[in-house]
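Now, the feature entries from TrEMBL:
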- B:12-38: transmembrane segment (TRANSMEM)
- B:14-431: domain 'DUF112' (DOMAIN)
- B:50-67: transmembrane segment (TRANSMEM)
- B:103-128: transmembrane segment (TRANSMEM)
- B:140-156: transmembrane segment (TRANSMEM)
- B:163-181: transmembrane segment (TRANSMEM)
- B:193-214: transmembrane segment (TRANSMEM)
- B:320-341: transmembrane segment (TRANSMEM)
- B:347-370: transmembrane segment (TRANSMEM)
- B:382-400: transmembrane segment (TRANSMEM)
- B:466-488: transmembrane segment (TRANSMEM)
């Protein structure tokens, strides 16, 4: 493994030396976009709906390929192994920010430059329609009265469900029975069929089911009410202390490897900024319950850092991370 | 009726036709998968009108599922996992020079299956999706067990070798991150192995490459002369097989509608069903029984309609292709979900109409190109084998755009070659790979849901009519293939 890293390092340094040529006319060939999740998933849909507008600005095609696997680590490693010339984009979600503490990979977004953080999702807690609780307080009271009886869907350590649960556990001890699923799609299905009773998800994934009356929402994991879910109290009403973590939520972003020439970055940032301003893209995202961010530069980096610090320390404090965030100089939130 | 919208515009009709035709070829080539084709189309059709895009994609889906049977019959290389079962009896037919007949029959049966699937989608979609939601983890486990009993049927001469192959398949299926705890299993530290070994890679290796390697031995042997005069099956034959076809189709719809199971499991179940209900096949199963072909082809095309049911009623994909459809609809501003039928009935019926149209084109294209297709098998081996090699490599790479998949495919191909030389059946391996995830995940989930209480697991199993029915079927199937059953039957008939 070590030799491989060394080799990779030396290869990339050679690439760095050789890639400095003829960038004045960037972009002069097609750009590769590597999507870290599979076709049809939410990351895939978001990227495929924003990129065509950016292509118009860039004047070249962005050829998108799905390279799923390893919770996003495979795509991240792949982009990191390419030349830093701005011709390979990483189109990803929040996952790599947890890779270091979970021991999945030695690369995260701090080794990349954000071109655009497109949008972010707001976590919520949904429950089966037949569940005997309608608010978060009632839910806590019920769990306390029936320890271990409430089953909750989980989507793996480091996934949204695990972090939300860890956030809640920092405020209240909940004795739930976790049932793992590989993705929130199957888990939301199981919630409707009564296999599980409650789970955390994002508004985008659950909104239609909620509006169709197939499940109910009992809390919004945010510091304020969400206008898509009027009347649902934010979690900070119950646990004001959580506001130090919030707003927190999964996000979608486009990245290039560190070392990419400034000219290429500027052009990409401008193109994707304009693309994310597109009215039909905005409508699309709003309908799916995603909050448009459209941020780049320092504000995007600050957002990424905050996400990494909150999530890393939460999973470390709840004891399921392999390594301490301190090992990677990740400050406490 | 919104459904007619799909038929009145020349654009729609032509695009559906084009899609279906493309689909047949995409499906026929191992490794060029329907999922892949539909994903590429998402980008390609981004700026199109959504209805046009849907026509093309639905055509490809319908044609692709059917197309998988072509190479399965002609070359023993299933174009897609759903066609693995087709190869079991289809290829022996081709070896007897009956490829034309086999393709003709499979076309008719695919179309019948397709119609049944679409009819159920149109008439009973909400009811079927509610039924699909009844399935608990334990029921998926029982389905998996039901499937694995098929090893017996797929073993050929030696049951022991069949069981060995099946177990090997299950072992291969466990490679990767544990689906429940994300613990690494048999990955030896390689990130490339985290998502496991794709069943399609195993399939391309074991069928495509192995077949090419085995054929190297027969390089100089004369080709089988194919009879291509009687392609369209006789009406009497269709009538005779219609009940089986309809039954298989219903199996296909239900399995297709279950999230997480698709055409490949549907065709396995239908094949097993056909083996049990067919009292006296003209030729034994596995040696070219038409019943086997019919069950496989009806059910996997019926599963297409089935897969659309949870997608259009709940926004849950029924299989990998419908997952991509959800993405496509989303990009075009339509939210497939529980509200779709109410808020966009035009969209729902347009999809139904297009499916129907694609199915009609399937019949036309399926029956017209057979003569040319059957000639493939007569193509000199010196040309055919390198092409198979090339397609296998391209196919393996294209699944995840990953070079390591090519190496896996090559390794499985070589392994398959030696296993075949030593009389090991290969299909149980695929069966194991396909089913191991289903059983692994759902057994553990089922027991977790009961908080690790085995007593509660059985209690709930026996109190659920659905689980009990599935269990009863498994016990019945198991018992009916033991000598004990024959003795019992004789005793009863003597009285």
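Every residue gets a Cβ built from N, Cα and C, even glycine.
Against the transmembrane segment (B:347-370), stretch B:103-128 has more CB pairs under 8 A than any other of B:12-38, B:103-128, B:140-156, B:193-214, B:466-488. Under 8 Å from some Cβ of the transmembrane segment (B:103-128) lie the Cβ atoms of residues 3, 62, 65-66, 69-70, 73-74, 86, 90, 230-233, 237-238, 241-242, 245-246, 248-250, 252-254, 256-257, 290, 293-294, 297-306, 308-309, 312-313, 341, 352, 355-356, 358-359, 362-363, 366-367, 370, 373-374, all in the same chain and six or more residues away from its ends. Tertiary neighbourhood of the transmembrane segment (B:50-67): same-chain residues 5-6, 11-12, 15-28, 33-34, 37-38, 41, 79-80, 82, 106-107, 110, 114, 263, 297, 300-301, 303-304, 321, 325, 328-329, 332-334, 350-351, 354-355, 358-359, 361-362, 365-366, selected by CB-CB distance under 8 Å and a gap of 6+ residues from either end. The stretch from B:12-38, B:140-156, B:163-181, B:193-214, B:382-400 with the most CB pairs below 8 A to the transmembrane segment (B:320-341) is B:12-38. Long-range contacts of the transmembrane segment (B:140-156) within its own chain (CB-CB distance under 8 A, at least 6 residues past either end) are made by residues 88, 162-163, 165-166, 255, 258, 260-261, 265, 268-269, 271-272, 275, 285-286, 423, 425, 427-428, 431-432, 434-435, 438-439, 441-443, 446, 467, 470-471, 473-474, 477-478, 481. Cβ atoms under 8 Å from those of the transmembrane segment (B:163-181) belong to residues 148, 151, 155, 187, 193-197, 199, 202, 419, 424-437, 439-441, 444-445, 448 of the same chain, restricted to positions at least 6 beyond its ends. Residues 29-33, 36, 75, 77, 195, 198, 200-201, 204-205, 208-209, 211-212, 215-216, 219, 376, 406, 408-410, 413 of the same chain lie 6 or more positions beyond the ends of the transmembrane segment (B:382-400) yet place their CB under 8 Å from a CB of it.
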